[in-house]
Amino acid sequence: MRPPRRPWLWTALATLITAAFLLPVYWMVKTGLTRPDRIQTPDPQWAPTPLTGENYSTALGYEGLTRALFNSLVISCGVVALTLLLGVPLAYALARIRMRGSGTMVLALLVAQLPPAIVLAAPLFILERRAGLTDTYVGLIAADTTLTLPFAVIVLRPVLRGVAPELEEAALVDGCGLPGVLLRVVLPLVVPGVVATAGLSFLIGWGEFLFGLTLAEGPEVQPVTVLLNSFVGQHGTSWGALMATATLVSIPVVCVFAVFQRFIVGGLTAGSVRG
Amino acid sequence: MRQPLSLSARRSRTGYLFCLPGLAFLALFLAYPLLYNVWTSVHDVDLGQLLGGAERFNGLDNYRAVAGDPAFWHSVRLSLVFTLASLVLQFTIGFALALLFARPFPLGGLLRSLLLVAWLLPPVVSGTLFRWMLDGESGAYNALFQAVGLSALSHDWLTDPSTSMAGVVFANVWVGVPFNMLLLLVGLHTIDPELHEAAAIDGANAWQRFRHLTLPLMRPVSVTVLLLGLLYTFKVFDLVFVMTGGGPVDATRVLSLYVYEVFFTFFRFGQGAAAGLLLLVVPLLAGAWYVRRLRHEEEAPAGGAR
């Protein structure tokens, strides 16, 4: 489109809309920083004066919060590792190697993203229980990876296809095996794409709730999303501490997004529009 | 003696080896559980059997029980309302925002990225957040209504059965708008700006250009966005579960929450599995249609906007 005549007017309008849209996010941060006795009033303050860290110390004093944050970190990192370990070779084979059935496999990976999580959580609950995997990191990481792996392969395939085949062929002629080619030649060239996939997988693992709710009973492995939800039941009216917790859970998300913003936006649109 | 494998045969063998771990994982943790669900759905399974009893084959009894449960049909209706209302609203607002952000202006990219934060927040966080925003006594939205003289609208949205669905849809639209905007924006950028210029020279005003140029050219992208929206919205569990838990008095118990309740609260595994498979019908139909469309597009790549 042509550059509009008064661009700053559009900036003003867009800023206003963005600010109104993001009011809930501001409110979350604000409530977390407001003195508890000033939160639940019929006439709320729009700015947190005086600032206080009281809600954060209350929240961190709640039983299990630090442990749950740690659990979520372990689970998300595990999800990233497992997704890349399984997904990169799979995506590479589907991108580069002529194989019978690769079309079917791509289709299967698209279909794999369709089932609602609850349809999978139900049988996984029975099966993981029998296999002794409930209440373990492994059980949760595996469950979460069923969400990330199909997605990761669909996003990575076009990325890996973008590498010039001549480079791989030269390495193959030099006597490098296919795994060597992938590790030493191809991967270094697609670091941004792989990193974006890792970032997205991390976000999915970090935000996952249903598997955490159904496959982990004890606080030893329970992710922070499940704990936040149970806080709402236990400390229903301590909105200051609840919003402080919600902010703590959001910080990694915003950080990951800020770092990988460009790649994530590209990966999302590539993954969903073109399938 | 065996013939040495040709280079390409060796390559494709390595290819299968590369696929093996990922596919084996998905077979074990995705395909097998889903098939196991089918098995459970035709057996009489409850907590007792799970802990070590024999499950009894009971044919379609579970499906009959689900189909005969008024709560199931109530959930179907709620899911339809939730999905349709969310889709229409998030698509319309997303489209309007995409039109705004399609213009180049200073800070456009930054503001657009900021909007995406709403979509990326874990659903549990946004659910908790909107519980607080929509709180009857000191929620921000009610305070806002009062501040602008609309105190008639100030209300305890989530605890009143007649408005809780509206509250949940509101939160879900908030989450969905940025994603819709982003995809529609990609679509808008594929429209050749010269078309607009030519139409403007021919005397078409802004509305006419939108109505007769932008809208028809955006059709393929719009269908994709709506379809993806349908798939995502129909699945929604976390947000509703955290905001209302399905209540008050089942006013927001959409299908995914119904399945959860049957399975994890009442421990009627057979029935829960049957209901879960019925929940799969909509995404599978929509997905099949989507894949067909994609193939169709690939065969005819000159189909205007991608």
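Glycine is treated like the rest: Cβ placed from N, Cα and C.
All TrEMBL annotations are machine predictions without curation.
What TrEMBL records for this protein:
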type	residues	note
TRANSMEM	B:15-35	transmembrane segment
DOMAIN	B:76-290	domain 'ABC transmembrane type-1'
TRANSMEM	B:80-102	transmembrane segment
TRANSMEM	B:114-134	transmembrane segment
TRANSMEM	B:165-186	transmembrane segment
TRANSMEM	B:217-237	transmembrane segment
TRANSMEM	B:257-286	transmembrane segment
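Comparison of B:15-35, B:80-102, B:217-237, B:257-286 by number of C-beta pairs under 8 angstroms to the transmembrane segment (B:165-186) places B:80-102 first. Using a cut-off of 8 Å between Cβ atoms, the transmembrane segment (B:80-102) and the transmembrane segment (B:217-237) share at least three residue pairs, counting only pairs 6 or more apart in sequence. Away from its own ends, the transmembrane segment (B:257-286) comes close to residues 37-38, 40-47, 49-50, 58, 61-63, 65-66, 71-72, 75, 227, 230-231, 234-235, 237, 240-241, 245-246 of its chain (Cβ-Cβ under 8 Å, at least six residues beyond either end).
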